[in-house]
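Listed in Swiss-Prot:
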ACT_SITE  ASP11  active site
ACT_SITE  ASP130  active site
Amino acid sequence: MLAKRIIPCLDVRDGQVVKGVQFRNHEIIGDIVPLAKRYADEGADELVFYDITASSDGRVVDKSWVARVAEVIDIPFCVAGGIRSIDDAAKILSFGADKISINSPALADPTLITRLADRFGVQCIVVGIDTWFDDATGKYHVNQYTGNENRTRVTQWETLDWVQEVQQRGAGEIALNMMNQDGVRNGYDLTQLKKVRDVCRVPLIASGGAGTMEHFLEAFRDADVDGALAASVFHKQIINIGELKAYLAGQGVEIRIC
């Protein structure tokens, strides 16, 4: 059995790490490189960096900080933000990233997933899915351009349909960003995670809602996710990664101990 992964998420805007609630009202957390090093030293299995306004601004993630991060950490990291072409991805990978993640550009051009997977291998390609539960319809819908609240829009895709579509096109991993839960720290949306797990054959990463160590345990135990991504509980030092891993190991979760 592969070890479950603990993955701090660093949302990047204007060269700094920020954090919002339900993808809104972002506050500045700190500088990118020191935070990355701190999480690596604490025992994170992987880091994810989202340049949250790159897609909505029509640009690619700033590659300069990617190289600086690669110099100071020795764990895998994934970078997302406005990647629209093989050339964009190649440059980010050449600067030291281990994976690239695409979200809004994949919705605009689903063939991008296949082209990237064919060029770099599925193990490098993560598809991020920003999913929102609509109380009125009782359905989960995929949103696009969520880094800019003035441009965010609901797409034609229901979440489960898009999960299946991206797998068919070559996604090697799926990061499910549950917008309703983002930043509120009241637990992952286990109902949605279980539904996605039923149709997801590739590694599945849960994102949005972690507030306690028990929330991580529930995601691993009840929804069988492969990794749990979180931001505010780590940024605000509510949970220490080493202590979290010790707790999970004590609960029988297969995890890499620091």
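Placed from the backbone N, Cα and C atoms, the Cβ positions cover glycine too.
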ASP11 (active site) and ASP130 (active site), Cα-Cα, nearest whole angstrom: 14
Listed active-site residues (ASP11, ASP130), ranked by Cβ neighbours within 10 Å, top entry: ASP130
Where ASP130 (active site) sits in the secondary structure, as DSSP reduces it to three classes: strand
Assigned element (helix, strand, coil) containing ASP11 (active site), judged by DSSP: strand
